[in-house]
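A.B. asks: Below, the features straight out of TrEMBL:
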REPEAT    21-109  repeat 'Solcar'
REPEAT    118-204  repeat 'Solcar'
REPEAT    211-302  repeat 'Solcar'
Amino acid sequence: MTQPNVIDEEDYDYESLPPNFSLIQNMAAGAFAGIAEHCAMYPIDAVKTRMQIVNSNPSAVYHGVIQSTYRIASTEGIFSLWRGMSSVIAGAGPAHAVYFATYEAVKHLMGGNKVGEHHFLAAATSGACATIASDALMNPFDVIKQRMQIQNSAKMYRSMLDCAKYVYRNEGLGAFYVSYPTTLSMTVPFTALQFLAYESISTSMNPTKKYDPATHCLAGAVAGGFAAALTTPMDVIKTMLQTRGAAQDAEVRAVNGFVAGCKLLYRREGVKGFFKGLKPRVLTTMPSTAICWSAYEASKAYFIHQNSQS
């Protein structure tokens, strides 16, 4: 006997969220995606931070992903590759919840959920808006994370809270947001490019927009790698701003913004300095965005299935 309140799952347009798909469910899907993404690739992200830091001390300069990983693990212990991850876990869940909730809301308002159609402006705009909102929440956690990733950070900070107190006490509240404009100059184009590429690839591979794990995984990886490579220069400057307080170099400590960071980096290392950490950034981002999109779409599919049974 057919149950009148049960809607066949096939009747749902997967990408167009049903009316009873709540904001809380959307945010929960985003939070799960964010934590899964960051935790899985954290050690390579730590290597990227070490490679990007501007340092006049040759012993603190890192080259190559494998060599850097071995050097950190052998001299500071294998678990040093995970220092600062608690900050990511604390911040990534809420930040990604806001990220995906904003993305879906803006995309819906701009009519970007129609089956079989690709909306360039809706995808790019919703991605940019999502980034502005989530980065405002995540930036302080990212500062703490990178401070704990630097060489010998264990001697300076015992924990995430200890690091936060140290930064606030010695540099003030502004230290948590000095990199925010630079972060936006990186993440807004990164996210717009990522969402644009993701929507283009996934729509091309899966025109019906039904749940397809392989499509979400592949589209997420390619989109993330493409966006990461193009925005690496801004990421290098962001790292400089977020770690300047722990630098021994007086010029680095004096950097107070994006332009000043660019001038110092170009004078010290030339154009190639803007692409430090490119490989670990792409290596981190491709699987991270694949995991992120896969986890998000799986969570969204689960909630839609649950709603279809109620």
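Here the Cβ of each residue, glycine as well, is placed from N, Cα and C on the backbone.
Thinking about packing and proximity, how do these listed features fit into the structure?
C.D. replies: On the 0 to 100 pLDDT scale, the repeat 'Solcar' (118-204) averages 89 in this prediction.
Here the repeat 'Solcar' (211-302) has, by DSSP, the following mix of helix, strand and coil residues: 80 helix, 0 strand, 12 coil.
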